[in-house]
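Notes follow the structure.
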Amino acid sequence: MIVLVINSGSSSLKYQIFDMKEEQLLAKGLVDRIGISGSSLTHQPLNKEALVVKEDIENHNQAIELTVKALTHQQQGVIKEMNEIDAIGHRVAHGGDRFADSTVISDEVSNKIAMLFDVAPLHNPPALMGIEACARMLPKVTQVAVFDTAFHQSIPEKAYIYALPYEISKKYSLRRYGFHGTSHKYVAQKAAEFLQKDISALKLITCHLGNGASIAAVNGGKSVDTSMGFTPLEGLVMGTRVGDIDPASLLFLMEKENMNIEEMNSFLNKKCGVLGISGLSSDFRDLEEAAKNGEHRCQLALDIFAYRVKKYIGAYSAVMNGVDGIIFTAGLGENSPTIRQAITEDLGYLGAELDHEKNNRRGEKEISKQGSRCKILVIPTNEELMIARDTFRLVKTS
Ligand code: AMP
């Protein structure tokens, strides 16, 4: 079965295509600057040269048309004709409390995704544009929606209800949803495979540390708490997002700096995090370099970032009454020994002991010392493969 995976943003569309017989990635690509001048498609087939197309791409319909052309291209194509695509899996950021699993897309599902525009104004509209564009181009192909929030629907009420008046929480469906669920689920499953244990018997803490960062407590394969909340702004310090903060400080700042709601929203999402603390960059590579050269605010940004992750690890160990494995993933989690060390220093009380040599070796999966009661693992995430797997599973049974 050939599965096309689509991750559709407001001005970009990423895709990967898999042959699910061996879970083999055939090609991946990016349509960039949709609706903006200078748009292009970059198509990278496996073991072949890349194809770059530079032309005006005005909307998601054209982006999908171009994607199909690249996939069926005479030289750089990976399928002969578009009929070979058996199913399409879409990444959808927000499923609200309506979707606890991936689902085959129908008109009703599309309507429900649209009803969540209010809570995910940046992410759900482009996802639906991608879905509609595929439906127009490939009307006979089954489409599946895979939600970033679905994995966290197992979180109990005591962890997802905020201390607002209950009727207000219900009226607006204002609660913790959590994000990066596809990634947390994937690395938790991979960790269980690596440890050769049944996931139902494991207490894991998964740390998805990229430009956006979140952490989850996964007990017996189910998410029981996570740091992102109603939106992806809560929780850890991120590249440019503020994470946890006293809500009263926002009111204080709005008054002092004369900011309206839109300005405050943009400030919290784009000007804060390690960028705001350091004043230099949201990229941890820049911060690590500058910190080595004695830049105090860059070192401080790294310290605050690691400290927040460490606090959550403590909290989630308490929530689960112990932890068998701490897993690092995403850009920073997979690539920065410095940050992993800062986070896992002094976790002896959990029986988690970092092996410094392994931590500094690229490609090492287990970075805890031999005999460490709690394992520390580095597991590259693969959200696209997870989406392809869910799509394959649902299409097989539908
Ligand atoms: P992601 O959002 O998962 O793509 O992660 C992107 C972030 O990972 C970048 O902003 C970098 O800060 C971080 N990153 C990637 N590679 C490295 C590295 N070798 N060392 C430190 N940070 C890295």
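One-based numbering along the chain as shown.
Just so you know, glycine gets a Cβ as well, placed from its N, Cα and C.
Caution: TrEMBL annotation is automatic and unverified by curators.
Long-range C-beta contacts of ASN7 (Mg(2+) binding site), restricted to its own chain and to partners at least six residues apart, with a cutoff below 8 Å, comprise LEU13, LYS14, TYR15, HIS90, ARG91, GLU383, GLU384. Here TrEMBL flags ASN7, GLU383 as Mg(2+) binding site.
In the three-state DSSP reading, ASP283 (ATP binding site) counts as coil. Residue density at ASP283 (ATP binding site): 15 other Cβ atoms are found within 10 A of its Cβ, drawing on all protein chains shown. As annotated by TrEMBL, ATP binding site applies to LYS14, HIS208, LEU209, GLY210, ASN211, GLY212, ASP283, PHE284, ARG285, GLY331, LEU332, GLY333, GLU334, ASN335.
DSSP assigns ARG91 (substrate binding site) to a strand. Marked as substrate binding site by TrEMBL: ARG91.
Sequence annotations record features per position, and here TrEMBL assigns active site, proton donor/acceptor to ASP148. Cβ contacts within 10 Å of ASP148 (active site, proton donor/acceptor), excluding its own Cβ and spanning all protein chains shown: 26.
Sequence-distant contacts (6 or more apart, same chain, Cβ under 8 Å) of HIS180 (site 'Transition state stabilizer') comprise ASP148, HIS208, GLY212, SER214, ALA216, MET228. In this structure, HIS180 (site 'Transition state stabilizer') belongs to neither helix nor strand by DSSP; it is coil. Residues or ranges marked as site 'Transition state stabilizer' by TrEMBL: HIS180 (among others).
What TrEMBL records for ARG241 (among others) is site 'Transition state stabilizer'. Counting every protein chain shown, the number of other Cβ atoms lying within 10 Å of the Cβ of ARG241 (site 'Transition state stabilizer') is 26.
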Exercise. Quick one: among the binding-site residues LYS14, ARG91, ARG285, which has the most Cβ atoms sitting within 10 Å of its own Cβ?
Key: ARG91
Quiz item: Per residue, counting other C-beta atoms within 10 angstroms of the C-beta, which of the binding-site residues LEU209, LEU332 reaches the highest number?
Solution: LEU209
Quiz item: Taking the Cβ of GLU383 (Mg(2+) binding site) as the centre, how many other Cβ atoms fall within a 10 Å radius?
Solution: 21
Quiz prompt | Proximal but sequence-remote residues of the same chain as GLU334 (ATP binding site) (Cβ under 8 Å, at least 6 apart) | solution = PHE328, VAL378, PRO380, THR381
Quiz prompt | Largest separation between Cα atoms (Å) of residues that the record links to ATP, namely LYS14, HIS208, LEU209, GLY210, ASN211, GLY212, ASP283, PHE284, ARG285, GLY331, LEU332, GLY333, GLU334, ASN335 | solution = 24
Exercise. Would you mind pulling the DSSP three-state label for GLU383 (Mg(2+) binding site)?
Key: helix
Practice problem: Report the same-chain neighbours of ASN211 (ATP binding site): residues 6+ apart in sequence with Cβ closer than 8 Å to its Cβ, ordered by sequence. | Solution: MET238, GLY239, THR240, SER282, GLY331
